[in-house]
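Novice: Pasting a structure below so you can have a look.
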Ligand SMILES: *[C@@H]1O[C@H](CO)[C@@H](O)[C@H](O)[C@H]1NC(C)=O
Ligand SMILES: *[C@@H]1O[C@H](CO)[C@@H](O)[C@H](O)[C@H]1NC(C)=O
Ligand SMILES: *[C@@H]1O[C@H](CO)[C@@H](O)[C@H](O)[C@H]1NC(C)=O
């Protein structure tokens, strides 16, 4: 029924004074209401309604049908470095919300596009370039924030409707900001620099009801190692308001963190999920010749072991590495391509094994480099397993060869000054020989590593998909999947038996 007719029905006569007054009053009320409504819209981007039940993020989730998951051809890869200008139109979030069968994340997630630092630079170098031109032109080892953003924009479960989302991705380049601060370079995005960007992000996030209500459903990467330093929070940054405000916010969110180390200040939100990050690794080019031009046979492994790593004579924490290189140097039977500092490739890819020994901390991108180069990692301390997420079955992918007595400092905080007990050279070389003799075990692990390469390669969608799924599995356990394409991925068990 037209508006004016409904007015007439109330008994007013067209043209009467009462009618005119009423009409004006109604128009004034309506325009006031509209203005208030628009203002509310501007003020609170997702305050569409006060009836929170309307928000999908408050409704229970339908459990997805889960069948056999066929193995894909691995074609869901990000095959550019984010420079593709046409990408904006092709963000993979069309109407079809069914994920490709080998992706795990199965709830819709929202990306706060207003928070993307599209034009961010470090000393005028664009972030995509910094991410791909680390030392030796490898990927920057703490660039998971950037790769996750790339994957998020292309993931089929991304929704552009915040009301439809169950999880939320905060796509800021926080690792790069931390890194820039650490190396004292300028981090800017369109004229806003440093921690001012955090203050801005904090304001924008707080405006969203989804954030205020469910910060734990918000996923953010903060895995540059300064994030776990007390002094970084307490001393270095104590003067900056933007930094403090933001840092008090992120422990409420679900976070990808450095080697499992919690933030300072302590997280106030028990519902949140934290997951230790993988380092971002880079594969060797299998055809790359030796430095003197000698060609290689691609994929061949004429050497037994490699460990390309700095040995930092002055630091006690590097004693394991120095021991390993000294012992290997004394062996007449083990064929070592390179131990110590030097060129990573092709020494790493031309060796069957890559030794993973602690430096300043237990983790290293060396582990990922080794696997992406088709070599089998040898872990040298149990803590190197402990700092990983518990969701990888490392028995399938690695060997363990202790280079010091782990029990010597179990339970104690390990710092770069911890003294590690030294086992003998004989014990080390004897155990290493046993590993070299295990031909069948080596082949099995090598096959598994090749199969699992996409899971550890940040240029594919799988690291992002896995982390998001693991958070989904904690926050919405009723949606847990039974199977994945990865035999070495230990999925959280489903709540219910198979129907
Ligand atoms: C910011 O980045 C976008 C996307 O790369 C580009 O289209 C735009 O021109 C940039 N803006 C400025 C001011 O550089
Ligand atoms: C790998 O190295 C070979 C030999 O140097 C080179 O011809 C080839 O372009 C490289 N491939 C890639 C993907 O960089
Ligand atoms: C190996 O040992 C020899 C002599 O013992 C020494 O000259 C050489 O520098 C050592 N090489 C390495 C890489 O430590």
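Just so it is clear, glycine is given a Cβ too, placed from its N, Cα and C backbone atoms.
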Novice: Among 80-101, 102-123, 124-145, 146-167, indicate the range for which TrEMBL gives the feature region 'Disordered'.
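Specialist: It is 80-101 that TrEMBL annotates as region 'Disordered'.
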Novice: Transmembrane segment per TrEMBL sits at which of 20-40, 41-61?
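Specialist: Comparing 20-40, 41-61 with TrEMBL, transmembrane segment matches 20-40.
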Novice: Could you give me three numbers for the domain 'Exostosin GT47' (336-405), the DSSP helix, strand and coil residue counts?
Specialist: 16 helix, 18 strand, 36 coil
